[in-house]
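Here TrEMBL flags 87-114, 115-142, 143-170, 171-198, 199-226, 227-254, 255-282, 283-310, 311-338, 339-366, 367-394, 395-422 as domain 'C2H2-type'.
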């Protein structure tokens, strides 16, 4: 009997399978064990079944790969049969030993999602995925953590959650050693190293490492803000943002610095704060070499070089490099002064101004001159004072060339050239001499 080894034969080829199955005696006389004969019979039956159930998934041909066994053990025969690829995906060249597996694979890259939720119209590739999704609508969470009482829609989610209590992190990154409680988290993390961003926004082309990040990003384009603060009604595009925002109302600051005791509403803020203690400044400007503790500070700094001022006042057209600067500026139009001194009632447009003002009452002077020991309540006052030692006069009159140590002194001097008179003030309740 002639047996074809490791040869790919198109299923639609009439010559695809012409192995003669001989009686047991004939096979034995040819040196072939009955186990091998049984394997040939099984494969012949499988081919007939495939022929009956055959469907066209693509326009190309499908291939059956025949790799006959060479061992006499029935266990080895079964193992080899399990590794054969009967159905091939013509797009990626991936092989499958069952038609159903190829069907699922085809749906993955064609985007076919035949199972639709009747409640929200979301579609899925598998019925199992739809059944899991339906629990979101029903609110069913049959799997409960015995330690904290938190419930989950799936057993796998509960299993992953339990690692929060046990501290187990079985999935470790081979490149940086970071560990994770779930395999999916490791998979997403690996994209940091590979640079892979498989999820792309069709509107602006921005790419993301996670599908959830893309979903949130899409709301920037649609304007959708499905998460609302129950205290003030402010809405957000992300559930995480509304949770963080709620801490403004509740006063909750769950992230505490172990060195100085300062607390924060976000883990990222604590992480940035810790660099004050360590002195670490990992974000460096490539243009001037200045370093920062946080990437957002570097981003803002870069506007010094680019001149970008993306925040514009709608009333006067003045632009600013930072949103907080615009917010403070708007108060010059509205007259709002939300920061009030509890001792004298004086109000200010900025919290930092109130903080400086409080030193009038406390007598605090934290800025000290290293040359003469004089102390000052504000850093800018110390800076001006130091010029009395250095002789530096940074502010020069463009008309006569005279220089001054402060901008305000130059401003007064300019009135000599402009003829502007100094404003006079009259007291509200003039003194009466008797």
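Think of each number as a place in line: the chain as shown, counted from 1.
Glycine too: its Cβ is placed from the backbone N, Cα and C atoms.
Here the domain 'C2H2-type' (367-394) has Cβ contacts under 8 Å with residues 356, 359-360, 403-406 of the same chain, all six or more residues outside its ends. If one looks beyond the domain 'C2H2-type' (311-338) by at least 6 residues along the same chain, the residues whose Cβ comes under 8 Å of a Cβ in the stretch are 300, 303-304, 347-350. Taking H, G and I as helix, E and B as strand and the rest as coil, DSSP gives the domain 'C2H2-type' (115-142) the counts 12 helix, 4 strand, 12 coil. Listed by sequence, the residues of this chain that lie at least six past the ends of the domain 'C2H2-type' (283-310) yet keep a Cβ under 8 A from its Cβ atoms are 272, 275-276, 319-322. For the domain 'C2H2-type' (199-226), the DSSP-based tally of helix, strand and coil residues reads 12 helix, 4 strand, 12 coil.
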